[in-house]
Ligand SMILES: [Zn+2]
Ligand SMILES: [Zn+2]
Ligand SMILES: [Zn+2]
């Protein structure tokens, strides 16, 4: 199903019914509203003006649209900030981050917590049982603009409290952090400082705890909103719209509050955010890289307990990347189908109509700026709606053959202590994901500790701290498992394991890592054996009791296996990565299709989808029944067969 | 005529008369003094020590030099700052910008306004009718070191006042800014914050208003000084020394206060400031690019109502660029002649003698450091003075065939909202200017709304907001007009026009822009037709009712014409830009000379000047009477013929 | 002799005697302890817990180890900072640099001075005559993490005091700084501000005085500690562990307090700090550049009055560089021998055992993390100890044939006023040093003003201010002297000399510099004559009464000589530099060996050492008696012959 994000407060009331009518005409079924409207709902303290929203909801509902209502907490109004400046967040250098845009609050402000509960309850009580409101979105894009973390007095107070709960005594804190180092010991929790503005680097265990605290604060804040909504909006779903490439908090943790996950998919802007080469950025500038949106679909399907929406789908050029090209014709439709293929229940475009004013005036909508006239994206949305209607209901999404274990704590740990400047966890994960999807395989993204039963192959690009639950899951997996570099290299308190890395995995893997090297650009180590290629960026020196499948040029083991538990002791270049993934698919008994760089496949139930992101045709290798498209998959085209 | 900047306070009184005598000997007629001397005129509150300046002025006057006196407000002394720290400006992160160099004041400080008026009146009363003082310079280099903008409490207070005057009610402010977006609405002007230190980007309309406010503050402050000077210095001219590549305030607006404009010409340092490629920077490192100084001559001739001075002319290597090479022999003379060719009344070198101390000790003068001995630049100044004397009075400057519309508001708007990281208005303008001067054509730089009568060709590299006055000027122009990208894309409140871009120009151009794409390096779109080349950085998708002169590779119009109103819907590469300018010259009926990259021509009255910035000779294509130089224009040489 | 850095407070007491035993077993004789242990010695105000350190010292002493005890002032504990936040330093933007790592103190804090004296006296009284404690280290790594300079109120107070002592009256300060420029004059010392946070650049003389003040503060603070230690630790040596590439304070000045100098040698990390090209960085990533550690050995031998230790020797990969590769096998041994060859008395590895926790957990030790098991570095240390024992006592270090004059004030001056962005004094010095060592010559690094008697050749890469003492040394030198660019270009108050550069050297050199040019990348000037090559980055225009040995392409002198006083008026490229050094060696009558880029020689007494940092063998050109290694010097190998 398709939807759209709409801002009735941006347009004269006289246009609402025309808009609602045209939404239905285009084939949309859902509409999200309200998430930035606080100043119009409560223009000053306790003066409420909900009447316009009542009428807007009625107009949309009467037109047959299902409404998702956002709590307005992402944009506290000026009168509230002026009355309570302690709501504001602080940057790492100690400056207040002020009013003037959005997300100007700290998750640790006590005042903010009370004010949020107040407005959420008022909104929830008013619309909780409205028949048109089918679901709720909490806040908007947690973590956007680096707002998970704040460095003010309220944050310090809350962090000390969090530490007191975690460690009970300063002695245990000192022990956990190894605070004897550099005389960092404290005599009381009130002596603890936030890990910023020190002369040089701060204790990594302290930094990790601060990151965990920040993540916990987001989850608890979300939980507070969810609890209020559940109390006053019975039977309605609750979701949150996550973002791409944000790792500042544990999305699985927030996801646990929700009925399902949503995310905001801007495939093109992300090409400039992810550390692609310049050549890749130019190559994918007008289509996006074929794995960026899919990876997030698979991630949020995992975060959402098997269900997800795209709450905001890019409908054309946007405004916020360093460069903002026009997507190639067909891409808005392709992205929509790609989301549906990965299991999206609803794909909701952002936004209905381009606004001629304010910060996002260069962000395309389904309609041209200020007008009742379809944009290119609007026309493609309509085409997709028609095709979707013709196809009938989509089958359920099944378990994928491959599980990829994704761990936010590893993202935090490697950012705190990269050891090599270009060791970027998100990059490693996406490269592994890309290599597997180039083999035509589907992937589920799962958190560490999740059951691995039923998978044919398990991939662990890196997992710095292996929890007991994760260890059990690996130990009981029947599929072959591949562990990447740095796995098991730290315990729960950021310590190197007494037995050296891979710590608790020593038994399963037979390995012991004695040295690691980060390799600057220009350094590389050849790898030869069952697989071959080159180690770049990172290599480990290890001994093994298992089988050595490939060795570094100096003879040290590079790729090992012990009873299906494989270890890759390097950051692989493209050739080595591809060879390793071919090898693992072979071990797993998974048949593969070698796809060109610009084509991807994906199954949903008994349907197979093919997508062409490139400039050359691709011949669909199927004997099945074509339901959409043709056997010759043209650029920017989609084919579906059963 | 030639002049020099002199600091009698830097040298023992015994040397003044020798200096004055040698100035005359060199052929100089004008001398600027006094603009940084506050601490020597008033060493502490109300203790005045003007006697030395009285004597210095007398010495210079008696030697036959015409004196330009600067008001000393660019350097408020320490005792004043300590008594009134509210004078100090703030940086965008909220830190005070302290004492220790110069321009340490905010244009919005009430105290500063009073103190400035006080010292200017005292100086003006003392020297207003001195026969040797022929004119005045207000302050020094407004905007230098990013001092147009300040972010302190005084600035916030003044900005709120400015907004109150502009909008009268908060409702109108909210409406103008589209503040409903992200709940940015305010209930009173006292709720408005400066547009800095927000969590993410601030409303662009607010930022534009802040920029307008800052520009207004500079103009009003200058006006205050001008009013005092006019009252006490009857019959003397008043000017200000502007800088190169400063767009933080509207120079036409300040120019309206003045009798004529001056500017400080440092051709070589600017090569490192302008976004040239590294290859261009190496090529022009020791001569400057042949259009940098000329563009500014033409700009300030426009700002100065047809008259301008070079108040500070680079006389050798300087101190402030990342690298400071020695100009090639001959360049100081060439730059001087180039300024005169563009209409300068006076070219005044900075400075008389290199100072052996303080911040500018590596800045060359006409004399070697601390000595009465000519530098290379001093000898070239003398040669130029001799040649100028031999040539006799220069004819008046005539209207150029080409008008280039230059708009500070477009510089602000595109900086606030680049949309593509490398969309730089100043760069676009200089590239257009360069392309036209490579055809041997002279250019006048005019503000939007100025009459275009009498021009053969009008160029509008970009003009984001087309005012009614500008529209009238275009509509009544008899010459062909060429509009560049983004023209007409915003209204007065930074909104996209209801009719889409080019807004008010839709009627004249027949165009309607529905999408724009910014293109990262590596993306480019071929253009073919009457002109051909490549679009880089930026392209627009438009429909037209006019003639399509060239199309993008996908068939969309790239270059259109409707009754002489031409539109170029792209940032052109060098080939496309050159082809377009050739085409426009043809349409305008202007004969062109294809000049090599290192040669430029310029007329003044019936004289034609040729300049060689390169390393290869150039054969002057003239049948006229040579007045200076030869037909074979050698590197770093000047030829003049009638 | 060999030693190690040890942290008994990091390990259970039960492990201490095992550790001590294994140190002896490995062949170590010295152990440094205590320098970060304040929070364990005084966990809260006046509660002292020295008993554990008593026992640790006894265990080590009984095992036969000689103990170096560090004063714990580099890590003031939290309770002290909370009681006295005025101890904390400030960054240049005015933010407090807080607790959380180390070196969180300002050298100008009065409180800090008292607290330092208190704890140093307590520790010195307790262990001053302990028979196991043979020497003391003051503090730890002055200047690390940019902590020489601080910008807070305490610093401002102390700077004003320092200026009052230096200049006595504000008039003399104004005169010295040329404060008339830009009305910077002050009426009292209390009007002086620190030279930060000004609108644009601050007076360079003020900045130089601030740098001198900061350097004086370090030296005075160190002196305070030294005086206390001398009073209570009779007969023990006192040293400090300096760092590499730190020029923020004058190390010769601090060295004057000490019995000898020590330094912390991390050859690999420095490859990423020094401005090498990327190609050089990749080439030397796993061995270090062959001159980085040697240059510092020679520097600290000079700072230490002919004696030095390596207090911390890199034993494997470290944690703090952008990339941290594993050293090639053999390098830990090679670096150790290289230090000994340059005259080190003791080479002490950092650290005994890799810590599994806190900021340096990725820093290798002689033992694997947390274990009693040798790392690769540990095994190489053992091998070196054995070889050293077999070789017997090393002969004394003799005077080298070449003296290189190294001047911290020139580093400050060129950083304050680079004039060309890539004019980096440290880089110039290391490139000269490299060129001479490529000729197989040994070098002493000496301060300006030191006697040059006995040297065959004197090199002065640059010496901005030539003091009377330095002038006398040059004038009385019997060896040829080579002066590099900018020498003699400023007087004591940062003024250009009245006679132009080279100021006081005009007589000896016959030269007068009238212009200087900094050359951006892409600009270069050929040099031809007795030597040839290319000037890059910097060239001077001078006249000479001496002999012109080579000229720039425009005919100006580039390389001159007057009675043995040679001047190179350029930053030379590699070819020109090599040619100049060959020429100078010839003039000096020094026989040279042209070494490949990866091989170096060094003498100690009658021993000659050869080191191979590369990948290719080198044939040792000797008829002497081999004491270690072979005539075919393999990669990462050492040969010693008599
Ligand atoms: Zn188009
Ligand atoms: Zn700050
Ligand atoms: Zn010689």
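One is the number of the first residue shown, and numbering goes on along the chain from there.
Including glycine, each Cβ sits where the backbone N, Cα and C put it.
When B:97, B:102, B:281, B:379 are compared with the substrate site residues B:140, B:320 in TrEMBL, the one appearing in that site is B:102.
Mapped onto three states, the DSSP output places residue B:141 (active site, proton donor) in coil.
The two recorded residues, residue B:320 (substrate binding site) and residue B:312 (active site, nucleophile), have Cα atoms 15 Å apart.
With an 8 Å limit on C-beta distances, none of the recorded positions from B:140, B:141, B:312 reaches chain C. Long-range Cβ contacts of residue B:102 (substrate binding site) within its own chain (separation 6+, distance under 8 Å): B:36, B:74, B:75, B:140, B:145. Annotation for residue B:141 (active site, proton donor): spatial neighbours B:74, B:103, B:241, B:242, B:243, B:264, criterion Cβ-Cβ under 8 Å with sequence separation of six or more.
The secondary structure of residue B:320 (substrate binding site), as reduced to three states from DSSP, is coil rather than helix or strand. Within 10 Å of its Cβ, the residue among the recorded positions B:140, B:312, B:320 with the fewest other Cβ atoms is B:320. Between the farthest pair of Cα atoms in the substrate binding residues (B:102, B:140, B:320), the distance is 17 Å. Taken together, the residues of the domain 'Beta-galactosidase trimerisation' (B:402-590) have an average pLDDT of 98.
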